[in-house]
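*Asks:* Submitted below is the structure of interest, expressed as structure tokens.
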């Protein structure tokens, strides 16, 4: 949710993009797909009994959580203008629109039956909205020839003064899936399918973007236009045609299984801090990914491309990274198992020269600062670069700007930017001016184990292993590919992945509603027994369904080892009561399987949280191991503690206290731990956000708050753990801890240190517990040392991280520490472990990585556009 620096160069690129979105219409091409029929669907979501309520809404039983757009007058006949009806379906019920910023009390699940829905203005997706099409017969949303607006679906509208409805990096809890969005009725000179300016707990899934094919530079159509935000996850998307399949800019993001066909440029990366692409497929495009924005002064922090294939596309990746580019670690690029046999050049400079030729599979290629035991002897080095110190980044700044106030026009009130020349406009076809690429080894960086400030050795974990020294090299080279354990790989040799289940072929009568079984979900009634009864009686062919509501749980729910559970737009499971009050004897709210179990567990579309203080609660204890690969997992399940209605942990009770020496109020304690993946378990996690709230979502002040939550995610599994698009924020002792584990794959992770630390520090109010191998901070001598670890890896093997953003923005809500990038001392601990960490970005931590009590990787030698970034950390030889 952080923000960074404003760049006029980025602004110029955004202005040109927006001009394209609002260009006048011209000749209309014919559609490029078959129009779906409008018959009734057998998809369960369209016919299941609707009993969901918004328990903290205050509007009573009349508030509708589920909305079918046809109930609001939409025709879906391919000719009627359905704009007003669709927007009414979304907005009705005094929901969170312009001027609201955020609210959890007005959720809406908006369903599109099969059909073709013509729109002439943007569909505005209000906060806490899921737009869901029929999964069996995907509906089409088609832009009329007269369409005017920023995009067919707009997640964060702009006003004429350039302001947004929602704060981009706090634009949480929204999703779109199962749609075809069609721009082929527009002239090729304008149009975007989705304006996706979002933050955590957001997703796009199973969407096809239809745009005009060909047209050269005159084609300005875009599938996804993303200007900024703090995401996020998207998966299973297909982009056909257009200029840019996707125009991306965000702090951090994870994408999986994106396919681009016949785009001028598949992906234009405008800016980021960290972005992971898994399973890209690019076919018949001009450029697969252009990350060269900014030229010499790079705007892209880091990109990971994994298990991907580029076919019949001349240019794979266009980069501006070279011997002279700044910042030093800007433009970090990792290629891991990427098939460029269909490309002339795999990696190309902005000026057009080939860096890596195409025609083969690149097993492993690294661009950026590598810290390894073998860097000095094996890596092709580039010299380090020195740049002027940038302006101090502030929390209330943003690294990718909104467009400037637009000029008045005859179009609806969406921004049409004033014309203006940007500093530099990236092109899809770089010029032929050669770039200087060094041919010899040039010394860069340092070798050793001690930066300016030593870090303490952990006393809650193993200390016998000596700290292996690492050497820094600024590289642009192929490296040996680390061997990944077979347990993590699918049959084709790629890292395993699995889409969120939608149960398309399950009939509605196979869903067991917890409300029909007696649970109330009203945020007042103890629903423990009713929920347990439903779980106990569910059979293998049934799915337990949580209608939207707030379900109070007062003792441990035992989740069987073979079960499927899904919810209606994130129903809340809330731990409360005396059973969860003892932090010295914590118990789980949801105990998923028993130690030693093997089975098939699927959890999706849920919120797990507390009502009031629950310092003796582990929200989810995950014990079950997979029976078949990936058969146990969580998709779109979010851990959200405090900061919203019904939690009793809000800004009116737990406001921040930076001006006094703080003794934590027991009424503002959260949970003992959010997620524990135990020793015998395995798990597949996708789009899972573990968030201890830093600010209020529902009360009008949206003020910052102090919620004290002991620990984030503890992973001890010796099975397989996959984590795609996960984040863990604002936990007191640590956000992620991996100990005595193996076979852990993370792509990507994001963390934030609690804003209130070090008032109090990490040792308050949750004392380190030896049973859980907590950090003790016993050797710390400064306040900056006693802050939450972003990630600890202890006594573990085969741990892979492809992309990480681990941030520290405050010292007791003040930001003077950003001037020296020293808000805390240490962020990542690696001890007695075999790890491969790629694309790691940290903010304002003096030491990025420590081991055995010594700082190995200092942030000051790895400056990027906003964070400090390294391409690779590995303590062994490559």
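Every residue, even glycine, has its Cβ placed from backbone N, Cα and C.
Annotations per Swiss-Prot:
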COMPBIAS  400-416  compositional bias 'Pro residues'
COMPBIAS  433-452  compositional bias 'Low complexity'
CARBOHYD  228  N-linked glycosylation site
CARBOHYD  257  N-linked glycosylation site
CARBOHYD  290  N-linked glycosylation site
CARBOHYD  297  N-linked glycosylation site
CARBOHYD  505  N-linked glycosylation site
CARBOHYD  659  N-linked glycosylation site
CARBOHYD  795  N-linked glycosylation site
CARBOHYD  862  N-linked glycosylation site
REGION    373-472  region 'Disordered'
SIGNAL    1-27  signal peptide
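Context for these features, please: burial, neighbours, distances.
*Replies:* There are 20 other Cβ atoms within 10 Å of the Cβ belonging to residue 257 (N-linked glycosylation site).
When Cβ atoms from all protein chains are considered, those within 10 Å of residue 290 (N-linked glycosylation site) total 26, not counting its own.
All chains included, 17 other C-beta atoms sit within 10 angstroms of the C-beta of residue 297 (N-linked glycosylation site). When secondary structure is read from DSSP and collapsed to three states, residue 297 (N-linked glycosylation site) falls in the strand class.
A coil conformation is recorded for residue 505 (N-linked glycosylation site) in the three-state DSSP classification, outside any helix or strand.
Secondary structure from DSSP puts residue 659 (N-linked glycosylation site) in coil.
Under the three-state DSSP scheme, residue 862 (N-linked glycosylation site) falls in the coil class. For residue 862 (N-linked glycosylation site), the Cβ neighbour count at a 10 Å cut-off comes to 27, with all displayed protein chains included.
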*Asks:* I'd like to confirm something. Which of the glycosylation sites, 228, 257, 659, 795, 862, has a Cα closest to the Cα of residue 297 (N-linked glycosylation site)?
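*Replies:* Among 228, 257, 659, 795, 862, 862.
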*Asks:* Have a look at the glycosylation sites 257, 290, 659, 795, 862 and say which one has the shortest Cα distance to residue 228 (N-linked glycosylation site).
*Replies:* 290
*Asks:* Return the member of 257, 505, 795, 862 nearest to residue 659 (N-linked glycosylation site) in space, with distance defined Cα to Cα and candidates limited to these glycosylation sites.
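*Replies:* Closest by Cα distance to residue 659 (N-linked glycosylation site) among the glycosylation sites 257, 505, 795, 862: 862.
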*Asks:* What does the structure give for the C-alpha distance between residue 795 (N-linked glycosylation site) and residue 257 (N-linked glycosylation site)? Integer Å is fine.
*Replies:* 33
*Asks:* Measure from the Cα of residue 257 (N-linked glycosylation site) to the Cα of every one of the glycosylation sites 290, 505, 862, then give the nearest.
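*Replies:* Of all the candidates listed, 290 is nearest in space.
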*Asks:* Can you tell me how far the Cα of residue 862 (N-linked glycosylation site) sits from the Cα of residue 505 (N-linked glycosylation site), in Å?
*Replies:* 50
*Asks:* Quick check on the glycosylation sites 228, 659, 795: which one has the highest count of other Cβ atoms within 10 Å of its Cβ?
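*Replies:* Buried the deepest by this measure is 228.
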*Asks:* Write down the Cα-Cα distance for residue 290 (N-linked glycosylation site) and residue 505 (N-linked glycosylation site), rounded and given in Å.
*Replies:* 39
